[in-house]
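Q: Feature table excerpt (TrEMBL):
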SIGNAL    1-25  signal peptide
DISULFID  Cys34-Cys50  disulfide bond
DOMAIN    64-212  domain 'Cupin type-1'
BINDING   Asn99, Asn109, His114, Glu119  oxalate binding site
BINDING   His112, His114, Glu119, His158  Mn(2+) binding site
Amino acid sequence: MELRCAAHFFVLFLSFTLLLASTRADPHPLQDFCVADFGATGVVVNGFPCKPASNVTSDDFFFAGLSNEGNTSNIFGSSVTPANVLSFAGLNTLGVSMNRVDVAPGGVNPPHSHPRATELIILLKGQLLVGFVSTNNQFFSKVLNPGEMFVVPKGLIHFQYNVGKKKALAITTFDSQLPGVVIASTTLFGSTPTIPDDVLAKAFQVDQKVVTAIKSKFAN
Ligand code: GLV
Ligand code: MN
């Protein structure tokens with residue numbers, strides 16, 4: 001009987017631990033800061049090694065990279081400027097990052113997902129249709145006006161589309177220093193080496209000519 005009780009307790013404990021592990025974003029830091037030292041060598045498991053604290057200055061906690069408008073003259077009519085640990089070393093181990101998203105009228109930040117973060121969007125200028133699709137294939141969306149927000153749960157495919165007449169500007173924030181991005185169109189049709197045409201033709205139920213035509217748009 002006692003053994004059965006202990007087994008139940010163990011199963012409960014294990015489920016609780018797994019639940020916590022699966023809902024956590026980046027791990028909590030164990031020190032005030034750890035400004036990334038990209039030049040340091042050695043084994044790195046999570047994040048980057050820390051710059052010696054004696055060399056850290058206020059500049060390490062400052063980043064002006066989101067102050068300039070991104071160039072939207074591209075096939076999507078949009079631009080995403082990241083402020084993640086790779087561009088802003090002071091974010092290392094702090095579990096947060098941001099993007100600046102500029103979208104020209106009629107432009108789209110194409111369907112993509114972030115494997116390591118939930119995303120919060122705040123619209124600063126213009127009008128954006130934002131949306132994501134859940135794992136049971138339900139589409140959730142809103143048209144945002146300045147000051148309004150939308151949240152995209154971790155890992156789900158989402159996009160922003162400029163439905164206004166002017167340029168749109170949004171800031172997105174993430175609960176990860178490096179959320180990662182998987183852009184559906186370029187991942188499937190522009191990978192290196194490419195995914196075989198017959199796989200994509202079967203998956204999308206189209207002729208291989210259609211696959212070749214789409215691949216030509218995203219070839220590296
Ligand atoms: C928008 O979806 C972004 O990833 O910045
Ligand atoms: Mn995103």
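Placed from the backbone N, Cα and C atoms, the Cβ positions cover glycine too.
Map the listed features onto the structure and describe their local environment.
A: Using a 10 Å Cβ-Cβ cutoff, Cys50 (disulfide bond) registers 18 neighbours. Mapped onto three states, the DSSP output places Cys50 (disulfide bond) in strand.
Annotation for Asn99 (oxalate binding site): spatial neighbours Leu66, Val80, Thr81, Pro82, Ala83, Asn84, Ile171, Thr172, Phe174, criterion Cβ-Cβ under 8 Å with sequence separation of six or more.
For His114 (oxalate binding site), the same-chain residues that are 6 or more apart in sequence and have a Cβ closer than 8 Å to its Cβ are Val152, Lys154, Gly155, Phe174, Ser176, Pro179, Gly180, Val181, Val182. DSSP gives His114 (oxalate binding site) a coil state; it is part of no helix or strand.
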Q: List the other residues in this chain whose Cβ sits within 8 Å of the Cβ centroid of the oxalate site residues Asn99, Asn109, His114, Glu119, in sequence order.
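A: Going along the sequence, the neighbours come out as Val80, Val101, His112, Ile121, Val152, His158, Thr172, Phe174, Pro179, Val181.
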Q: Just to verify: the residue among His112, His158 with the fewest other Cβ atoms within 10 Å, which of the binding-site residues is it?
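A: So among His112, His158, the binding-site residues given, the one with the fewest Cβ atoms within 10 Å is His112.
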Q: If you check the recorded positions Cys34, Cys50, Asn99 one by one, which have a CB less than 6 Å away from any atom of ligand 1?
A: Asn99
Q: Beyond the listed site residues His112, His114, Glu119, His158, identify every same-chain residue whose Cβ lies within 8 Å of the center of their Cβ atoms for the Mn(2+) site.
A: Ser113, Ala117, Phe132, Val152, Leu156, Ile157, Thr172, Pro179, Val181
Q: Near ligand 2, which of the recorded positions Cys34, Cys50, Asn99, Asn109, Glu119 have CB less than 6 Å from any of its atoms?
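A: Within range of ligand 2: Glu119.
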